[in-house]
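As given in TrEMBL:
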- 32-56: transmembrane segment (TRANSMEM)
- 76-94: transmembrane segment (TRANSMEM)
- 106-127: transmembrane segment (TRANSMEM)
- 133-151: transmembrane segment (TRANSMEM)
- 171-188: transmembrane segment (TRANSMEM)
- 194-211: transmembrane segment (TRANSMEM)
- 262-317: region 'Disordered' (REGION)
- 279-297: compositional bias 'Basic and acidic residues' (COMPBIAS)
Amino acid sequence: MSTSSLPVSQSQGTRTLSSVSVSGFTRLCKGLALVLVAAHLVLHFFPYAITYLALIPSRTVPFAWNLITAGYVEQTVHGVVISVVCLLFIGKLLEPVWGPREFLKFIFVVNILTSLCIFITAIALYYITRQEIYLYTPLSGFHGVISGFLVSIKQIIPDQEIPFLKIKMKWLASISLLCCIALSFWVIEATTYLPTVIFGTYMSWIYLRYWQRKPETKLKGDPSEDFAFSTFFPEFLRPVIDPIASIFHRLLCGRSDASDDAEDYNLGSEPLPGSDPIEASRRRERGARALEERLANERLATSRSAGELHTSPAGNV
């Protein structure tokens, strides 16, 4: 079954996204947004704190906690504004589908894996080039997790469209990464964001593809073809990407990618739950349904509050 056969139509996706209201942000997202703002204010009033909170590869061995804290520290005003806005609005879509616990777990895992990959890459680049800039440049920001959110949207509501742009959600992560790469050729500051965006995108896909637990099936990951790594690329590039992706797949999981997919997810002749396109479709239906229910509750609450406002003046008269 292809994603085009999902019962949630593109027009519904457009209507759903255009009806998202400003109110109704979750408590968890509000709390995380407060953490991002507070961390930025700490850097603003105490600039030397960056040596303890940001990821500086030469100091990570004594200050290992910066592998965790770096992901929540934005060094610029526009960085914290973008991160907070994306967290509130995208978290409003994802948290009702996953639940607060899984949502927080996703943020923590993607953040620390992204920081670890950046640290290893910086050390490797230093030994290759002998340039100390790789050891002493402070790296931090929530944009790795934001990139991971875009990958999650690709998994849950891939065929819904962005209002006015007519771009399907499944391409957001790819477009964001492409824009960051292109921008890094023109803006020097963008080069400091690029490693975080790249590793945030890839690590979030690894987590969702192989590690995320599914309570309804008691299995891990999303083995559907619609969420394969090559689906981040245009159709004409996929024959080239698939063999490369299978190499990394064997390194990570110790098994072949596509040739023995049935053996990996089958038990005898019975396919395990969650391993076929039908299960992937059902998961996307649940995501879209949860989103619709949340928006319906918000509209109901808004209408009630408006009714109360109209009733109050009448009672006073």
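Just so you know, the numbers here start at 1 and follow the chain as drawn.
Every residue gets a Cβ built from N, Cα and C, even glycine.
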- Note on the structure: Contact set of the transmembrane segment (171-188) with the rest of its chain, CB cutoff 8 A exclusive, min separation 6+ beyond the ends, reads 147, 150-151, 153-154, 162, 194, 197-198, 201, 232-233
- Can at least 3 Cβ pairs under 8 A be found between the transmembrane segment (106-127) and the transmembrane segment (133-151), with each pair 6 or more apart in sequence? yes
- Query: Which residues of the same chain, at least 6 past either end of the transmembrane segment (133-151), have a Cβ under 8 Å from a Cβ in it?
  - Reply: 36, 50-51, 53-58, 69-75, 79, 82-83, 86-87, 90-91, 94, 106-107, 110-111, 114-115, 118, 122-123, 125-126, 172-173, 176-177, 192-193, 195-197, 199-201, 203-205, 207-208
